[in-house]
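According to Swiss-Prot, the GTP binding site annotation covers 17-24, 81-85, 135-138, on the basis of sequence analysis. Among the features that Swiss-Prot reports, compositional bias 'Basic and acidic residues' is placed at 290-304. Annotation comment: Swiss-Prot describes 8-282 as domain 'tr-type G'. Positions annotated as region 'Disordered' by Swiss-Prot: 285-304.
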Amino acid sequence: MARQFPLEKTRNIGIMAHIDAGKTTTTERILFYTGRVHKIGEVHDGAATMDWMVQEQERGITITSAATTAQWKGHRINIIDTPGHVDFTVEVERSLRVLDGAVAVFCSVGGVEPQSETVWRQADKYGVPRIAYINKMDRMGADFFRGVSMIADRLGANPVPIQIPIGAEDQFKGIIDLVTMKAMVYTDDLGTTSDTADIPGDLVDQANEYREKLLEAVADTDEELMMKYLEGEELTEEEIRNGIRKGTIGLKFIPVVCGSSFKNKGVQPLLDAVVEYMPAPTDVPNIKGVHPETGEADERHSSDKDPFSALAFKIMADPYVGKLAFFRVYSGVLSSGSYVYNSTKGKRERIGRILQMHANHREEIPEVYAGDIAAAVGLKDTTTGDTLCDDKAPIILESMQFPDPVINVAIEPKTKQDQEKMGTALARLAEEDPTFKMHTDQDSGQTIIEGMGELHLEIIVDRLQREFKVECNVGRPQVAYKETIRRAVKAEGKFVRQSGGRGQYGHCWIEIEPLEQGSGFEFVNKIVGGVIPREYIAPIGQGIEEAMQNGIQAGYPVMDIRATVYDGSYHDVDSSEMAFKIAGSMAFKAGAAKADPAIIEPVMKVEVTVPEEYMGEVIGDMNSRRGRIEGMEATGTAQIVRGFVPLSEMFGYATDLRSKTQGRGVYVMMFDHYEEVPKNIAEGIVAKRAGA
């Protein structure tokens, strides 16, 4: 089967935003207009095509990023709808990694909300070009221009409107295209018919003012255009469009469009903007990677002629076909039934079938090409972030980094049967979601599950019951404390055992030092002259890593350290991998005790919106929770208080806030960073762990 759409006419985009800004509704409308869905699904009916998990339909939010493909004006658009709730940031992270561009949806009333900032930072990290779509222009309090200035102020971006609205709230009638300087006026409710007309007289000055700003931004992308603009010459429509495309892909500015997805207004012009201004796979830099054996830098071009390379960005358990691996093809061609090499795991895998996903319907296809996003059946060993490639030209592509869980609960199966099923079910769920982890508590024997927030764990438990028919009792949420060290130390680990027959001998000297937050664990080998043979180096690292799971002070995992092995000795007969693993573990424990250990806790970024009269009480309450107020701002009749509060102080906050503000206060929080626990609280934590 030949390629249907040339690579230049492929667009891989994500739809990202704050919860309730209207992402899923926008995606639904896109699918409706591009002819993929014959009846529009509404989120509040629980019938949206992209929200296909039962939990999503009940809660009216998007949890997993559904991938679908659509066609518009001779282009293929692969769309990933991402969740806006902070507990599911991992889904946003992995989608952005495999996309070339994104549509950021903002609510015209709320503007830039906290999760918008988080998602924006994630997109900045991956250098993803964006279009901003200011949605819900028909809502009470809709203000397009306030939205634009918030994008500039809060996100530090450079928004350039390429459209402005005609009216707002219930008077929202259409949009003015600043490229063609024509008005698009909607004449029916479905938004499928619109008339092109001249700009209404009362908006001519405003349209000219914003067109001037657009021309200035466009001229800035190209020297020739700048000369033409400065000499007062008119830029042609084609020059303006090329300039917008260049500025968008070069991350110089963010084109801003507007509409009301629910009322079907502005969706087709948004699709036009995606096709015209978002990058094709050929417009983005080559994908970088390393050779699995030599570690040398390598790259792949976005072309069918290059050797095959792809990144698995999501694993999903499907009730009909089993394990589905979603992947993005960066180069080459892949046929179903063929073998691929998983260079991350060093294993060959056979692709059973290749499926093109359309939310929750699927279509089997014989092959995929560079730039495509598809799902494969049959990959047994592949997990999120793995590279799939041609074994004759192996490469490991840059993967993704996921945050550690910040909250955990103990779960107990209700019956013996549940116990047997629970292990398998949890393993399946952990395979799908890299921010969900589980372990068995060594002291109590309980199964502990960890995640990014209460909602995240609630949904995991819900899926255990629904999909896997496992009934379990759930404990109270606990904070995921961690430990770290504050100074560098050197320490020795020596394991010698002589008890008849072959003995055991492992001996090493290591230096451990603190790293910057979020660095994880680094293991460095500085052994020279073979004082420890090469095959025993990795076991030392494994021993250290295992010892790090139980910290010195209160038994919490230790994070952000570098361990360097620099000396040691071995015995020709008695040394073994196990002996050196134990020596590594002993050295770490000895060193960590002297390295000024500290307990650290997750600190959340909290944003509370309350009517002005409750401000004093809310701020006082935040301070009593060891909070640090960062700033305040007024929006209409409400005030927004921003600050950082330790997660351990936030349990039950929703109820307290409701009672303090008579149900009128709302808040959002997301994990921000780890911070050292004050001495008096750390002592309490240690005592509690010792008593437990």
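Positions of Cβ are set from backbone N, Cα and C atoms, glycine also.
Every protein chain shown contributes to the tally, and the Cβ of A17 (GTP binding site) ends up with 30 other Cβ atoms within 10 Å.
Of all Cβ atoms in the protein chains displayed, 29 besides its own lie within 10 Å of the Cβ of M137 (GTP binding site). Classification of M137 (GTP binding site) by DSSP places it in coil, neither helical nor stranded.
The compositional bias 'Basic and acidic residues' (290-304): residue composition by secondary structure is 0 helix, 5 strand, 10 coil, according to DSSP.
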